[in-house]
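Features of the protein shown, as given by Swiss-Prot:
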| type | residues | note |
| --- | --- | --- |
| TRANSMEM | 27-47 | transmembrane segment |
| TRANSMEM | 74-94 | transmembrane segment |
| TRANSMEM | 96-116 | transmembrane segment |
| TRANSMEM | 135-155 | transmembrane segment |
| TRANSMEM | 184-204 | transmembrane segment |
| TRANSMEM | 216-236 | transmembrane segment |
| TRANSMEM | 256-276 | transmembrane segment |
| TRANSMEM | 280-300 | transmembrane segment |
| TRANSMEM | 305-325 | transmembrane segment |
| TRANSMEM | 355-375 | transmembrane segment |
Amino acid sequence: MLYFLLYEQLHRYISPFRVFSYTTVRTAFASLTALFLCIALGPWLINKLREFQIGQYIREEGPKSHQKKAGTPTMGGVLIVISIVIPTLLWADLRYPYVWIALAGLLGYGWIGFLDDYAKVTKQRNLGLSGKRKLVYQFIMGFAFAASLLVMRAYGDFSTTMNIPFLKQFKPSLLMTSMMANPWTYVIGVAPFCIFVALVVVFYSNAVNLTDGLDGLAIGLMVIAAGALTVLAYAGGHAQLAQYLQLARNPRTSELTIFCGSMTGASLGFLWYNAHPAEIFMGDVGSLGLGGAMAVVAVLIKQEILLLFIGGIFVLEAFSVILQVGSYKLRHGKRIFKMAPLHHHFEALGWTESKIIARFWIAGLVLALFALTTLKLR
């Protein structure tokens, strides 16, 4: 909105407004808008959540030290979502469909999280939507996202090839184009791509959700991940950088830089209140929304593989749960970790909460920096 006003309409009369044609400038403004919006609205939302007694319910099988956190205002993810959506609408060029798809991913998975949080509040326990029901909703969203990409591909706005780190000349596609030519086998031809995309988005939305178990842990890692995605989105949409780094240039991804910048600023703003000891929790509305948005952006900019490193801690947390559950069922009650997800394992080992958070942040930053260095490697 401000982009159209300040640049499209007024730059002819006020020459300094030409600066708003630069993606970097608008990304900086979007990040700052998201940051200050989140910080400004935080106290009001915390008071309202306390007024309506929307507090966190702690699972009984979790660490005993967490019982003191019961009643802390939750569903703060609503604040994160608002602080991402408004700056994106203000500073992005809304003629690009990628921006709307990223917003849809954030709002869609955020809505699923909202339903889960609402169920927990109304039932007054730590169990919201059933696991199966939540997965069904998530996969519906994932397949809808994949379908939108296929529509854009038909108009030449999206490529289904994948970028493989260290093998930049090797760009496989998950579409079986020979089968897509026949209407009777079209579904089979697009199935591998749709399943892959849905799995990526569902996995990361749940991975962030599983990581959100310590004050500031998940949101701090989101600051790092969103910052790295901001760099990748900018590089992929910049003609000279994309050519230099041998990336598949897509000018449509440049406006995702504004969305990622908003996500970085909003996450940083929420950390202001979520840092230990937390005044508010993001709840599933925040964790599912952020995880889904992160994955959607990675798919749009063709960096699904690098997301394994950018969101490396999220991946480890998710796999710790998968391994723990698998071991318990297949090995007749034997566990690999003292407790899952992984951060609870270190709590059981005697690590303090603040030490776990700081060390996981450091590890997440190292992994994100490694992911960015691979851009230069052939």
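Glycine is treated like the rest: Cβ placed from N, Cα and C.
Counting C-beta pairs under 8 angstroms (sequence separation of 6 or more), the transmembrane segment (96-116) reaches the transmembrane segment (135-155) with 3 or more such pairs. Packing against the transmembrane segment (305-325) from elsewhere in the chain are residues 162-165, 200, 203-204, 206-208, 210-211, 218, 221, 224-225, 228-229, 232, 291, 294-295, 298, 335-337, 340-343, 345, 360, 363-364, 367-368, 370-371, 374: each is 6 or more residues past its ends and has a CB under 8 Å from a CB in it. Contact between the transmembrane segment (135-155) and the transmembrane segment (27-47) does not hold: fewer than three of their C-beta pairs are under 8 Å, each pair 6 or more apart in sequence.
Long-range Cβ contacts of the transmembrane segment (256-276) within its own chain (Cβ-Cβ under 8 Å, at least 6 residues beyond either end) map to 23-24, 26-28, 30-39, 42, 46, 76, 79-80, 83-85, 87-88, 91-92, 98-99, 102-103, 214-216, 219-220, 222-223, 226-227, 229-230, 233-234, 237, 282, 286, 290, 293-294, 297, 300-301, 353-354, 357. Same-chain residues lying 6+ beyond the ends of the transmembrane segment (184-204) with a Cβ under 8 Å from its Cβ atoms: 105, 109, 135, 138-139, 141-143, 145-147, 149-150, 160, 173-178, 291-292, 294-296, 298-299, 304, 307, 311, 314, 318.
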